[in-house]
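Presented below is the structure to which this report refers.
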Amino acid sequence: MNSMMEVRNLDIQVPGKQLFKNLSFTIPANKLTCMTGENGVGKTTLVKHILQSFKTKDDRIIINTTRAKTQYVPQLRNIDDEFPLSIHDFVGLGLRQSNLLWHTKSEKKLLQDIIKKTHLATIENYPLGAASGGEKQRAFLAQALCAEPNLLILDESTASLDTSTKNELLTLIRSLLAEQDITVLFITHDPELIEKYADYELHLSHLQAELIRKERKE
Amino acid sequence: MLQFDFMRYAFIAGIFISLICGVMGTFVVARQTSFFTHTLSEIGFSGAAFGIFLGISPLLGMIIFTMASALFIGISGDRLSRRETSISLFSGIFIGLGILFLSLSSKQSSYATNILFGSIVGINIGNLYSLVALSLLILIVIALLFRQLAYNSFDVTGSQYNQHLNLLTSIVFLGLLALTISVTSQIIGSLLIFVLLTIPASSAKFYTASLWKMIFLSTIFSLVGIWAGLYFSYITNWPVTFFITMIEALIYGSALIRHQLQVSKFSFKN
């Protein structure tokens, strides 16, 4: 099994609480791993710690990619109804292959491909503020894909979605895993989604983590 | 009207002011920091008074004050600049300080009204050159950092996690904003620069959802306001600031009405 990330003997404390002690786990490469655990167990803190480790050069966390190729899709964004930018332009904010004032030809093509892949093509010129919850999550995902990531971390992306929209999003993520070299770490509370879509579950509890292999029922 | 030097200078200055306000304004509106922009112009007034009090140039005083505040806000986080109480507090403190510095210095308050209200028709060729130089500087810095700034301004949360040097980008933007306000309020007054940095861009976002079109439309709305304002001021002899502000308000009002009509039509269809 190839790994995208190896964590060895990590301790994390927050003021007044030990979150993890001697934490060790592996995130398999090119798989969908769902991170689960009770509220307050420290899922988001752990993810932030992982993101920080690129900078702090923490040798207890080994990640087989660069920071630029790691994209974190946060749970909440301040996008209100009045948000002015179109879905096309919002997604395009993630393009960083060059630093020019305009998008290069290859960037334009990449952007169009991603918009198509995430089923946003018919609504790309509408303001993001007017989009539905599922459309917004697809746009957040699409923006992250613009960086052509190897590791994608999704923080409760389905939390506010209804059942059919949740399934659409996860089907989309599965198709990405089939098509490109990408590893997805998905923080979720939803047992039904884990049963249906996850390759692995990383369950956090009692200062430790356990990686459980899942048989997907498709 | 164009046989007068001061009118020609004013029309040319209008082009450059519109360009920086179109670009900077689009980012200001995206970041929802209109009120901080207002506070910054009051901080600028205070800085100018401080400059007069110390006997250094008022422009230098303004730049020191606005840059220091921009750095402070940049480091302590944009959120602080959106909090209502801190806005009122900072405005109050700096207007108070401005009045104190003016009364401590022997100069009269005519300079203060100049900073607040300015006069685009009062500018000379030297003002025009400094305005052009500053505008080019701001536009070049923005062109170099455009993608960083766009991500940072339009997606605060996403860029915070996924953009390299994101905090520095915020600070650079606030520094550019401080510079814009300092230099332009010498020429057209801090009241007018506040209007031009916020209203045209707010109007533009009702017409388009594309970033480039927003910048283009904001620039056009500023330019129409300034040029028409200059013309009406010339024929009526009323203050040009009054006309520019009213025209921008009309543009915003009509954009808002058009938007509301579209929204109600849209929801009716569904």
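Just so it is clear, glycine is given a Cβ too, placed from its N, Cα and C backbone atoms.
As recorded in TrEMBL:
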type	residues	note
TRANSMEM	B:6-29	transmembrane segment
TRANSMEM	B:50-75	transmembrane segment
TRANSMEM	B:87-104	transmembrane segment
TRANSMEM	B:116-146	transmembrane segment
TRANSMEM	B:166-199	transmembrane segment
TRANSMEM	B:211-232	transmembrane segment
TRANSMEM	B:238-257	transmembrane segment
Outside the transmembrane segment (B:87-104), at least 6 residues beyond either end, the same-chain residues with a Cβ under 8 Å of its Cβ set are 35-36, 38-39, 42-43, 45-46, 48-50, 52-53, 65, 69, 81, 111-112
Apart from its near flanks, which chain residues at least 6 from the ends of the transmembrane segment (B:166-199) lie with a Cβ under 8 angstroms of it?
13, 17-18, 20-21, 24-25, 27-29, 31, 34, 37-38, 40-42, 44-45, 47, 58-59, 62-63, 66-67, 69-71, 73-75, 78, 114-120, 123, 127, 130-131, 134, 137-138, 141-142, 145, 148-149, 152-153, 159-160, 221-222, 225-226, 241, 244-245, 248-249, 251-252
Where, among B:6-29, B:116-146, B:211-232, do we find the most CB pairs under 8 A to the transmembrane segment (B:238-257)?
B:211-232
